[in-house]
Amino acid sequence: MAEKRNIFLVGPMGAGKSTIGRQLAQQLNMEFFDSDQEIERRTGADVGWVFDVEGEEGFRDREEKVINELTEKQGIVLATGGGSVKSRETRNRLSARGVVVYLETTIEKQLARTQRDKKRPLLQVDSPPREVLEALAKERNPLYEEIADVTIRTDDQSAKVVANQIINMLESN
């Protein structure tokens, strides 16, 4: 990979976007960004607080702006928030400005990976987590698929193995 293309990771919560993104950036010697962490850095508050105070719509507005700015950079790996694809503008920008990698996972893996994580505002509701994740998958999976240049299942694989798969796929294209 002579020229460093932007790599944008999309997928549901618990797919491993942040962990795999860090690994990928390290292996490729690229700068890593996480859109949720960038929102937290800019607001001085965690994502849950932003959701509570501004609602999902306010959070999504911030997310769209952050992703727009970050995707204008060159040679980065960006882990996006699971719901960022709800915005048509964001989907268009991701598609136009880099390679989109959809990290796919099962509901079971999502449950296992997110069960103790209190920083998941969409899971801090009265509905059972499985029902929430199934509803989100039904809404968002087609959007991930729509913009994905590459799809990789992350179940039962280490971040390093998935990062290597992504690198191999990018080098062969």
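Note: Cβ is positioned from N, Cα and C throughout, glycine not excepted.
Database features (Swiss-Prot):
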BINDING   Gly14, Ala15, Gly16, Lys17, Ser18, Thr19, Arg120, Gln157  ATP binding site
BINDING   Ser18  Mg(2+) binding site
BINDING   Asp36, Arg60, Gly82, Arg140  substrate binding site
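Features as recorded by Swiss-Prot, highlighted on the structure.
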residue	record	Cβ contacts under 8 Å, 6 or more apart
Gly14	ATP binding site	Thr105, Lys109, Gln110, Leu111, Ala112, Arg113, Thr114
Ala15	ATP binding site	Gly82, Leu103, Glu104, Thr105, Lys109, Gln110, Thr154
Gly16	ATP binding site	Leu103, Thr105, Arg113, Thr154, Ala159, Val162
Ser18	ATP binding site	Asp34, Asp36, Gln37, Ala79
Thr19	ATP binding site	Ala159
Arg60	substrate binding site	Gly83, Ser84, Lys86, Ser87
Arg140	substrate binding site	Pro12, Gly82, Gly83, Val85, Lys86
Gln157	ATP binding site	Gln165
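The C-beta environment of Lys17 (ATP binding site), restricted to residues of the same chain at least 6 apart in sequence and closer than 8 Å, consists of Leu9, Val10, Gly11, Asp34, Ala79, Thr80, Gly82, Leu103. The Cβ of Asp36 (substrate binding site) has 22 neighbouring Cβ atoms from other residues within 10 Å, across all protein chains displayed. Secondary structure at Gly16 (ATP binding site), as computed by DSSP, is coil. Annotation note: Gly82 (substrate binding site) sits in a coil segment as assigned by DSSP. Considering only the residues assigned to substrate binding, Asp36, Arg60, Gly82, Arg140, the longest pairwise Cα distance works out to 17 Å. Taking the mean position of the Cβ atoms of Asp36, Arg60, Gly82, Arg140 as the substrate site, the remaining residues of that chain whose Cβ falls within 8 Å of it are Met13, Glu63, Thr80, Gly81, Gly83, Ser84, Val85, Lys86.
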